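The structure's right below; bear with me while I get my questions together.
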Amino acid sequence: MEDLDALLSDLETTTSHMPRSGAPKERPAEPLTPPPSYGHQPQTGSGESSGASGDKDHLYSTVCKPRSPKPAAPAAPPFSSSSGVLGTGLCELDRLLQELNATQFNITDEIMSQFPSSKVASGEQKEDQSEDKKRPSLPSSPSPGLPKASATSATLELDRLMASLSDFRVQNHLPASGPTQPPVVSSTNEGSPSPPEPTGKGSLDTMLGLLQSDLSRRGVPTQAKGLCGSCNKPIAGQVVTALGRAWHPEHFVCGGCSTALGGSSFFEKDGAPFCPECYFERFSPRCGFCNQPIRHKMVTALGTHWHPEHFCCVSCGEPFGDEGFHEREGRPYCRRDFLQLFAPRCQGCQGPILDNYISALSALWHPDCFVCRECFAPFSGGSFFEHEGRPLCENHFHARRGSLCATCGLPVTGRCVSALGRRFHPDHFTCTFCLRPLTKGSFQERAGKPYCQPCFLKLFG
């Protein structure tokens, strides 16, 4: 602050010698943008009195003079000749100095903490020497032809001055010999030691803590929701709950093809999830017809599994109805085709026997087909006669064998008379004219008819 007081006194002296005609017309002061706010931290040491006139391009560098004893100032003209210019400049300078006094400490300490102390000290010494060389060459008063900067320009120059102050600090009291000591920065609580710098682990924990607190403020849950069933690590954020466990969404995948199963259906086998394709391909039963996995409805028959549309007759390809199916050598058949292909045949019609049948003459017969093969009359009493492997009634059987009575046409079952190439009942072998029995065994034959001897002589003499 001592340098600033000297700066103010030099400015008053210089502005008092400015001619009134050379002073430019003052512009009205513009509202200043308030500087950024910083927390005030008092400092000790000589670094506060930095060389405010170190920048050769600074607006107020013209008032800086060497530190040699100042000669006696000449008699100043009456104050009334430059009272307008001086009053406006002093008011503007007072406002700038107030802003500088409020912000220079915190800005300097904050920026200087980013540079090593050795480099800062050496830079300060070099800058101090360069400033001492430059100060005598500067003019003692500003050029009368240059216009006076406005309040906004002064604020910008003040910001530039503050930026230069943040680059170096001049130490007024340095030891005569020995290494350069860094400036001592004091905090508000001077009795407490400065906190140690956080280690890498502490910084990481701090960052994680800040991240979790920020996520919590945004409504994102950060608490662990259990351990992942795949990687066994804590879960934070999105979670998939399935099979009685919690999973990371990227770890809940198919056990076969590793496809993510977060929003799709899946199947479980031995505690592991599988997508439908892998599950059916690996664990579904195979169809006995097409050998493909069965996904939905299934028919179990003949010791294997079938698609419903594939369990059909192997002969006609028709699906089985309510009547069921028949099996032959492990292959299913419908009733019609099975009976047509494998059912026993009727000896009479050669058709398949579906229901009742009669077994006779070493063959199977439909009940309606087992009749006399000559007259097709059913057998009364269940008895029949067989001739050359064919069933016959009694009359047709004796007719085939020639054992019918030539007179009455009935079968001859007992005693018989064989004559004229035919058989007769004994009572039915008589004379054709007188009808007497021909018991004596002698008869005459005429046109295939038997006659007794008297009738034959009488008729045919």
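Numbering starts at 1 and runs along the chain as displayed.
The backbone N, Cα and C atoms fix where each Cβ goes, glycine too.
Heads up, here are the entries from Swiss-Prot:
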type: COMPBIAS; residues: 40-52; note: compositional bias 'Polar residues'
type: COMPBIAS; residues: 183-192; note: compositional bias 'Polar residues'
type: DOMAIN; residues: 226-285; note: domain 'LIM zinc-binding 1'
type: MOD_RES; residues: Met1; note: N-acetylmethionine
type: MOD_RES; residues: Thr33; note: phosphothreonine
type: MOD_RES; residues: Tyr38; note: phosphotyrosine
type: MOD_RES; residues: Ser68; note: phosphoserine
type: MOD_RES; residues: Ser137; note: phosphoserine
type: MOD_RES; residues: Ser140; note: phosphoserine
type: MOD_RES; residues: Ser143; note: phosphoserine
type: MOD_RES; residues: Ser164; note: phosphoserine
type: MOD_RES; residues: Thr188; note: phosphothreonine
type: MOD_RES; residues: Ser192; note: phosphoserine
type: MOD_RES; residues: Ser403; note: phosphoserine
type: MOD_RES; residues: Thr407; note: phosphothreonine
type: MOTIF; residues: 3-15; note: motif 'LD motif 1'
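Describe the structural surroundings of these features, if you would.
Per-residue pLDDT, averaged across the domain 'LIM zinc-binding 1' (226-285), gives 87.
Within the same chain, residues at least 6 positions away in sequence whose Cβ sits under 8 Å from that of Ser403 (phosphoserine) are Pro411, Val412, Cys416, Arg423.
All chains included, 15 other C-beta atoms sit within 10 angstroms of the C-beta of Thr407 (phosphothreonine).
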For a three-state summary based on DSSP, what are the helix, strand and coil counts in the domain 'LIM zinc-binding 1' (226-285)?
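In the domain 'LIM zinc-binding 1' (226-285), the DSSP-based counts are 8 helix, 17 strand, 35 coil.
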